[in-house]
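Per TrEMBL, region 'Disordered' is recorded for 569-603. Summarising the annotation, TrEMBL assigns transmembrane segment to 29-52, 85-104, 116-143, 155-177, 215-233, 240-259, 320-345, 370-390, 411-429, 441-460, 480-506, 518-538 (among others).
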Amino acid sequence: MADSSETRPVARATKPVSEALLNEKWDRAISSMIIKSSLGLSFGVVFSVLLFKRRAWPAWVGLGFGAGRAWEEADVEPERRQWKWLNYIAFWIADSLNINTWMISSSMIVSGLSWWQSWLCVWIGYFIAAGFVCLTGRIGAVYHISFPVTVRASFGIWGSFWPVINRVVMAIIWYGVQSYIGGECVTLMIEAIWPSYKNLHNGLSASAGVDTKNFLSFFLFWLLSLPALWFPVHKVRHLFTVKAIYSPIAAIAFFAWAISRAHGIGPIVHQGSTVHGSTLAWVFVKGVMSCIGNFAALIMNDPDFSRFARKPKDALWSQLLTIPIGFGITSFIGIIVSSSSSVIYKGDPVWNPLDLLGMFLEGASSGQRFGIFIIATGFALAQLGTNISANSVSAGTDLTALMPRYLNIRRGSYICAAIGLAMCPWNLVVTSNQFTTYLSAYSLFLSAIAGVMICDYYIVRKGYLDIKALYSGRKTDPYYYTLGFSWRAYAAYFAGILINIVGFAGAVGRDVPVGAQYIYNINYFTGVLVSGGTYWILTRIFPIPATSDRWNEVDIDDIEEYGVAYGQPVSDEENTGYDRRSITDSLPPDEQKKGINTATKRV
């Protein structure tokens with residue numbers, strides 16, 4: 001009896017300890033299962049898309065560049081050129097409505113600018129960005145070719161790989177980050193319905209860099225995004241139309257709510273700038289450049305979307321006007337909402353709209369929670385549209401160019417999504433300031449590429465491209481240059497980077513001269529001008545083939561619809577130099593059946 005009575009207290013004492021250990025092991029097991037199953041599902045989706053197609057998945061030897069099919073990423077057939085000017089308006093309105101746009105404009109308020117100074121930065125920056133977009137986008141709109149094909153003209157058949165890889169990496173990184181931000185929208189949606197979700201038990205260790213709630217929300221957003229990646233690019237325009245209608249309503253509702261809680265717009269607009277003199281000037285310049293830098297990747301690969309235009313003019317004015325107007329209105333809402341937060345909560349401005357929306361959720365009534373759910377849903381839809389337009393389609397198109405025999409845009413988009421999940425983007429968002437600095441600084445690399453592309457097409461070639469040669473890897477073709485690389489383009493590219501590299505070191509914490517910092521503050525302009533100017537000088541000293549002495553842009557639509565080039569029938573090769581069948585005959589039989597009738601001029 002004595003032994004039995006002595007053991008009972010021990011049993012009661014150890015029971016809670018064993019339950020704690022059991023709960024800890026259970027939490028770890030559940031967390032591990034969630035992460036492993038999500039990663040497994042992501043790669044399962046990708047490989048199911050890749051494997052179960054008409055073509056069997058071949059060996060990776062040669063990266064898809066088999067004989068006769070080395071550069072097959074055919075231009076867009078007429079039946080797929082369905083984007084009208086209205087679709088481009090909806091596309092850019094949809095793209096402008098994303099949380100990143102809010103953050104950029106709101107960060108100007110945090111930097112010390114007044115609301116009207118911040119808004120002026122936005123208009124100037126995005127109007128300049130729109131001009132660059134139209135410059136690169138016209139190449140795709142006229143010739144109906146993508147960015148990877150376009151860049152072959154300036155960098156060479158093999159040399160084009162590096163610019164394409166640059167764009168792929170940026171697209172994948174941004175896909176993961178934008179998806180994680182979309183997951184924060186899902187968190188607000190769930191918390192608005194079930195407030196207890198905010199206190200969801202965290203079963204992940206601190207080393208994971210994310211808690212269970214945020215990971216689950218991120219995975220839900222990522223999972224629900226996958227069906228949207230399935231549709232062809234020329235059909236996904238309907239998603240942008242829906243987003244362009246719903247998301248602005250949600251943004252305006254948030255805007256009105258913030259003004260109401262600040263007791264009118266008066267206290268908001270009467271807040272002045274907190275910086276003055278030369279500091280104000282440079283903060284203003286950096287605000288303008290942040291808007292242009294936000295478009296660095298989109299400027300480079302706008303041909304991926306403009307190639308779907310029915311006519312070149314459909315992709316001109318619609319983009320030139322919609323970009324500054326759309327981003328200007330969205331930024332105005334972000335600026336006012338951010339400014340209102342300092343009035344409502346009597347502190348520093350809240351530059352993340354999701355943080356402010358989460359603050360509105362504290363002590364909210366059932367009606368207010370419903371409103372937050374509607375607004376968060378609009379933001380989630382905005383993130384989805386932006387992720388497709390700016391990231392998944394771009395990555396898919398560029399990966400197709402790298403391995404055209406094995407990949408298409410759909411497969412490339414799913415690969416982008418899988419890597420975007422596997423890269424654990426929450427680890428990048430933890431140090432948001434440093435991450436934003438690195439991503440913004442990456443625009444200096446992209447600006448050097450854009451400078452070469454623009455100079456090559458408009459100044460050196462004067463609008464002329466030998467389309468047939470862009471799809472050929474023969475050493476005798478004009479875009480093969482030296483071993484497939486254009487050393488002139490790469491020399492110009494490095495020159496555009498070197499002008500900014502010292503200032504870049506200063507942006508990441510190194511001690512550099514003040515002059516270098518000033519140059520870096522306008523890094524996109526210096527990158528474009530130095531790389532473009534260097535390329536022009538080198539091509540004057542060392543001429544390249546397949547150029548023109550006059551403006552020689554070929555309207556592919558006129559050739560295909562009317563059979564006319566420069567007012568002459570395309571069959572009249574003696575006067576026009578065009579052979580309507582030249583590309584079709586050079587493609588494999590399965591591509592010839594599609595009726596691709598892209599003209600080319602022999603130089």
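Counting starts with 1 at the first residue shown.
The backbone N, Cα and C atoms fix where each Cβ goes, and this holds for glycine too.
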Any chance you could find the range in 116-143, 215-233, 240-259, 320-345, 518-538 with the most Cβ pairs under 8 Å to the transmembrane segment (370-390)? 240-259
Go through 85-104, 155-177, 215-233, 441-460, 518-538 and flag the stretch with the largest number of C-beta pairs under 8 Å relative to the transmembrane segment (116-143). 441-460
Which stretch, 155-177, 215-233, 320-345, 441-460, 480-506, tops the Cβ pairs under 8 Å count with the transmembrane segment (85-104)? 320-345
Given a Cβ distance threshold of under 8 angstroms, which distant residues of the chain, six or more beyond its ends, lie next to the transmembrane segment (441-460)? 132, 135-136, 139, 150-151, 153-155, 163, 166-167, 170, 292-293, 296-297, 299-300, 489, 492-497, 500-501, 504, 507-508, 520, 523-533, 535-536, 539, 544, 547
Taking 240-259, 480-506, 518-538 as candidates, which has the most Cβ pairs under 8 Å with the transmembrane segment (155-177)? 480-506
